[in-house]
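Colleague: Starting off with a structure, shown below.
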Amino acid sequence: MDDGSASATQRLLTTLAAANENETGTDQTHTVSFDGLQVTRDADDTFTLTIDAADIAHAGLDADALESLLAGEESALESGGVAAYVTNWHYWQETVGGEGTARRAFLRWCEHAPLSNSLGTHTGVEAGNTGGEADGDEQGQDRTLPVPDRYAALQDGIDREWGQLCITARFADVDQPDGERVYDLWHVADAGTDIADLTVYDDPREAREIATYDEDGRYRPLKTAPTLETGWAFTGLSGEELVDAVGFFYPATIANWHREREGNLDVDHWAETADRQSGIYEVVSELPHDAVGWMAEACCVDSQCLRRREWEYEDGDELDADGGDGPFPCREPCSLVVAAARKWAIAESESERTYELELTPTERNQLEELIDAVADDRTDEIREADVNDGANRYRARYLRAKRFSDEGKLEMREQSESESGSESASEVESESG
């Protein structure tokens with residue numbers, strides 16, 4: 001028995017003994033039940049050990065016999081081995097702790113461990129018999145693993161994705177595993193890159209600087225935008241350090257993910273958020289309902305933000321725009337959306353006017369292609385020689401040379417109200433005829 005397994009065994013026995021000393025009366029029992037492992041100190045001061053998934057059941061054990069079974073001669077990684085369940089209990093209950101916290105739930109998610117929430121919706125049950133079949137999560141998109149399967153997978157590392165982050169959970173010591181986990185963190189695009197080709201960090205606070213600028217050195221005002229730069233890695237982080245690093249990359253995402261799982265995500269919809277604004281942002285409350293939908297379509301989609309929008313116009317009044325498929329929820333309009341809404345609110349307050357300009361059909365189509373290229377952020381992908389693309393630089397410069405004045409204004413004529421009215425009347429007569 002290695003030192004790690006021995007330490008875990010002694011701690012579990014100490015936990016049972018301490019609980020027994022705190023009990024009153026002669027018919028008291030105490031049970032340690034976790035991830036499929038169940039050890040009960042019975043009223044007659046004997047012990048019962050049960051692991052349903054491993055088909056292990058022993059009753060009437062004295063303390064020495066229990067210690068021998070808990071320690072086990074087999075490897076802690078042996079499929080169904082008791083020692084694996086004991087060191088697993090020790091890691092989660094003694095090293096990680098924090099039952100019911102977002103930190104603990106996230107770390108268990110990282111290795112496909114069973115989760116439970118306050119609504120009674122389970123991905124397995126954390127405390128209790130969870131050593132059987134793997135279960136799907138509350139969205140049916142994930143599977144949880146019993147202890148033997150997790151221990152086998154942790155030898156090579158279990159990978160999970162969190163936005164543009166790739167997280168690997170693995171044993172700290174693969175040769176003599178004692179249940180202690182460490183975590184590696186890097187960009188999903190670098191998942192197949194040799195670690196020697198990446199800049200390696202061990203201080204989670206370094207994530208702040210990495211998250212500040214994109215690949216081209218531009219400031220990232222929205223931390224959850226899919227523009228995280230590549231070329232870095234954090235290795236050998238503790239669970240606490242991993243949670244800190246993820247928080248620097250994607251602030252509040254773990255907490256909000258956990259709140260959503262627990263059924264207590266407090267969502268602030270657009271109307272109440274807008275009503276709270278003051279000063280130069282007070283005008284955002286005047287943004288029309290349709291414009292809020294256009295704003296959500298422009299800003300709150302997977303191509304622009306990795307969060308999944310849960311806020312609507314107001315409670316019971318949903319927006320038509322899709323909220324996205326991100327792993328973590330967005331509970332309220334962010335400061336970037338509010339700042340942009342100010343510009344749109346001012347623009348939407350203007351009266352529409354009718355303009356007349358001359359364009360060929362090809363030029364009209366080109367304007368549409370130009371707007372799409374900018375909106376979809378693909379202008380850098382258009383080759384100079386690809387003149388078939390309306391957003392090609394030379395095509396755009398040609399259109400400007402032809403249709404813009406020397407002052408750089410698009411040549412057009414604004415129709416007067418009488419002209420617009422006459423035109424509308426003519427259209428009505430034409431349709432009636």
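Counting starts with 1 at the first residue shown.
Every residue gets a Cβ built from N, Cα and C, even glycine.
For reference, TrEMBL lists these features for the protein:
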type	residues	note
DOMAIN	27-97	domain 'DUF7348'
REGION	120-144	region 'Disordered'
DOMAIN	147-261	domain 'DR2241 stabilising'
DOMAIN	262-343	domain 'DR2241 4Fe-4S iron-sulfur cluster binding'
REGION	407-433	region 'Disordered'
COMPBIAS	407-416	compositional bias 'Basic and acidic residues'
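What's the neighbourhood like for each of these?
Modeller: As a whole-number mean, the pLDDT of the domain 'DR2241 stabilising' (147-261) in this prediction is 96.
When the domain 'DR2241 4Fe-4S iron-sulfur cluster binding' (262-343) is classified with DSSP, helix, strand and coil residues number 35 helix, 8 strand, 39 coil.
Within the chain, the compositional bias 'Basic and acidic residues' (407-416) has long-range Cβ neighbours (under 8 A, six or more residues past its boundaries) at 353-358, 423.
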Colleague: On the DSSP side of things, how many residues of the domain 'DR2241 stabilising' (147-261) fall into helix, strand and coil, could you say?
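Modeller: Each residue of the domain 'DR2241 stabilising' (147-261) counted once, the result is 41 helix, 30 strand, 44 coil.
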